[in-house]
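Taking it in order: structure first as structure tokens, then the write-up.
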Amino acid sequence: MSGTLALTETLIGRASVTPDDQNCQHLLVERLSAIGFECETIESNGVTNLWAVKRGAAGKEGKLLAFAGHTDVVPTGPAEQWSSAPFEPTHRDGKLYGRGAADMKASIAGFVVASEEFVAAHPQHRGSLALLITSDEEGPATDGTVKVVDALEARGERMDYCVVGEPTSSVRFGDMVKNGRRGSMSGKLTVKGVQGHIAYPHLAKNPVHLLAPALAELVAEHWDEGNEYFPPTTWQVSNLHSGTGATNIIPGHAEVMFNFRFSTASTVEGLQSRVHQILDKQGLDYDLTWTVSGLPFLTPRGELSNALEKAIYDETGIATELSTTGGTSDGRFIARICKQVIEFGPLNASIHKIDEHIEVAHIEPLKNVYRRVLEQLIA
């Protein structure tokens, strides 16, 4: 059994349902300290975070390449629906099954072993390497990576390159990397009416009827054209609620929750302003609160993307695709202190599902891609 596979299995065996790390990071600290990493644990509201750095010969003058990952996993769902126990790593049909196998314990194991091999082969490596690991990525993500980034920013520390170990491969291992992500902004809209008997509408004011024209306009609105890296911005309703459950009462208010996934072609302020304009045009009496979960970020082609593309091609023979599709990731926080952030990891078809798995044959190539990137950029 390879060292990467063994470490992946050990990590899967720890039931680190968010935000519980289950001492996964303690295991990583043992491995990393043994090869010269300085390890710092940053805890916040029950969340465990790790910042581990191994300085190169050039010290702080050299480039720093970091790996970002998360030890927490999503809940398993009904355990009885799994073909094998979700926290007992199980081999079947050439696959390794277990919660976190693809998202993202194999990636963490791959980078740790890649680091061990890299340091052994290049004991005088010029650049520095680091790992930023959290147990709060699958949850609210308020006490995880963002807290480490806050601490690093306060100390004036930056990264030159960051590889996030998210499972980005789509159909074939290595076929896609993420060089950016859309921003995410949610709104909670409450439209006020006047409650009354449904037989006497002239004595009431139905907030659903008042809301409907504005809702139709928001649905039909063309927010932007996108750009060469991002698709057009989207607006979607996630929740719609009004009424008491009775059939003879006109409700007193209607509540809508919605979400923008937006590109660098739009801004938070611009989108918020346009929503308010549409609501105000309809003369609505409303309250609207906003939550910005993350801003869009983009890493144009450069040293990191070139190194990763070459590493993937040399290892797999695949010309990978740069993409910004999908949801948000912790890359949105890291982009504050790192100009080159790219995500790469295994196939994502089974993540968050019953019987999550990774192809065993992909585990060593994953580690090898990470090592090739280290060798190109900081050896």
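Even glycines carry a Cβ here, placed using N, Cα and C.
Secondary structure at Glu166 (Zn(2+) 1 binding site), as computed by DSSP, is coil. The feature Zn(2+) 1 binding site is assigned by Swiss-Prot to His70, Asp103, Glu166.
The active site annotation in Swiss-Prot covers Asp72. Mapped onto three states, the DSSP output places Asp72 (active site) in coil. Remark: Asp72 (active site) has Ser16, Val17, Thr18, Pro19, Asp20, Asp21, Thr134, Ser135, Asp136, Glu137, Glu138, Gly139 as non-local neighbours, by Cβ distance under 8 Å and separation of at least 6 in sequence.
Here Swiss-Prot flags Asp103, Glu138, His352 as Zn(2+) 2 binding site, drawing on sequence analysis. According to DSSP, His352 (Zn(2+) 2 binding site) is assigned to coil rather than to any helix or strand.
What Swiss-Prot lists as active site, proton acceptor is Glu137, and the listing cites sequence analysis. The number of other Cβ atoms within 10 Å of the Cβ belonging to Glu137 (active site, proton acceptor), over all protein chains shown, comes to 26. In the three-state DSSP reading, Glu137 (active site, proton acceptor) counts as coil.
Spatial neighbours are here defined as Cα atoms within 10 angstroms of one another, and by that definition the neighbours of His352 (Zn(2+) 2 binding site) among the binding-site residues His70, Asp103, Glu166 are Asp103. Less than 8 angstroms from the CB of Asp103 (Zn(2+) 1 binding site) sit Val73, Val74, Glu166, Pro167, Gly345, Asn348, Ile351, His352, Glu356, each of them six or more residues away in the same chain.
One way to see the shell of the Zn(2+) 2 site is to take the Cβ centroid of Asp103, Glu138, His352; the remaining same-chain residues with a Cβ within 8 Å of it are Val73, Val74, Gly100, Met104, Ile351. Considering other CB atoms within 10 Å as the measure, the emptiest surroundings among the binding-site residues His70, His352 are those of His352.
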